[in-house]
Amino acid sequence: MSDSPKYNTVAAPEGYAGEGFFATKLSDVVGLARANSLWPLPFATSCCGIEFMATMASHYDVARFGSERMSFSPRQADMLLVMGTIAKKMAPILREVYEQMSEPKWVIAVGACASSGGVFDTYSVLQGIDKVIPVDVYVPGCPPRPEQILDGIMKLQEIVKNESVRRRSSDEYNDLLGSYNIK
Ligand code: SF4
């Protein structure tokens, strides 16, 4: 007889269980669903993008986190991964892509270049994408290994899981977008 398959199921959110019922918060259920079905939009301009290709492939298998469905259309993605050097000339394009994504949306800056400009402290390179769009998770490294990218996705899953369903319409969130001049 073959061994039974080994897989992990996602744990249920905190709640109250009794005979034949389970009660929890709407925010927790929505957060659980969102966190385990993040659709990535890879915005890759250089070497870090290659590491992400490895992250997607069979060995590291980003599908284990429900994120195998890449989207190259901003309107059908909710996790923007920016990987590589972003020239200042490219910054408005990145911002437009971000604005075209529908809410709720999250951003991961993958690698030193996207996070801070990396070694390219020059007149032409944006010194971190958070100069033009808000960032939720920063992944260090030049380049980060696929494990680090997966770790960044897992960190984001925690943020998404714990986000209130009201956050996107809150004054705090509008102020954040306002600080970037995004409506
Ligand atoms: S952080 Fe390093 S590996 Fe990544 S894009 Fe910049 S130079 Fe390339």
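Just so you know, glycine gets a Cβ as well, placed from its N, Cα and C.
Taken verbatim from TrEMBL:
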type	residues	note
BINDING	Cys47, Cys48, Cys113, Cys142	[4Fe-4S] cluster binding site
DOMAIN	47-156	domain 'NADH:ubiquinone oxidoreductase-like 20kDa subunit'
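Listed in chain order, the residues near the [4Fe-4S] cluster site other than Cys47, Cys48, Cys113, Cys142 are Ser46, Glu51, Met83, Gly84, Thr85, Val110, Gly111, Ala112, Ala114, Gly118, Gly141, Pro143, Pro144, each with its Cβ within 8 Å of the site Cβ centroid.
Long-range C-beta contacts of Cys142 ([4Fe-4S] cluster binding site), restricted to its own chain and to partners at least six residues apart, with a cutoff below 8 Å, comprise Gly111, Ala112, Cys113, Gly118, Val119. Between the listed binding-site residues, namely Cys47, Cys113, the fewest other CB atoms within 10 angstroms of a CB are found at Cys47.
Cβ neighbour count for Cys48 ([4Fe-4S] cluster binding site): 27 (other Cβ atoms within 10 Å of its Cβ, all protein chains included).
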